[in-house]
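Now, the feature entries from TrEMBL:
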type: DISULFID; residues: 32-58; note: disulfide bond
type: DISULFID; residues: 42-57; note: disulfide bond
type: DISULFID; residues: 52-69; note: disulfide bond
type: DOMAIN; residues: 30-73; note: domain 'P-type'
type: SIGNAL; residues: 1-21; note: signal peptide
């Protein structure tokens, strides 16, 4: 029984970790489409993609000289 539980756990972990590496965790891609000059830093020096995403922030290391870990655009709701 223990071996079966271990296999199920491994299967769940494998399925949970599959996916594109470029996806933002819990964020829409449009929320992270922010020009470098408008980015608000959300991390610390040398933060990695995983740690940045775990903070709920966007990560894009393609542009030098701007924050790579930055706050996403917030979706606003209209209330009447």
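Each residue, glycine too, has its Cβ placed from N, Cα and C.
Just so you know, TrEMBL annotations never went through curation; they're auto-generated.
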Overall pLDDT of the domain 'P-type' (30-73), taken as the mean: 95
CB contacts for residue 52 (disulfide bond) [other CB atoms within 10 A, all chains]: 23
42, 52, 57 screened against residue 32 (disulfide bond), Cα within 10 Å - retained disulfide-bonded residues: 57
Alpha-carbon distance [residue 69 (disulfide bond); residue 57 (disulfide bond)] in Å: 6
Neighbourhood of residue 69 (disulfide bond), C-beta criterion under 8 angstroms, separation at least six: 41, 42, 43, 44, 47, 51, 52, 55, 57, 58, 59
Helix-strand-coil residue split for the domain 'P-type' (30-73), DSSP-based: 12 helix, 5 strand, 27 coil
Most Cβ neighbours inside 10 Å, all chains, among the disulfide-bonded residues 32, 42, 58: 58
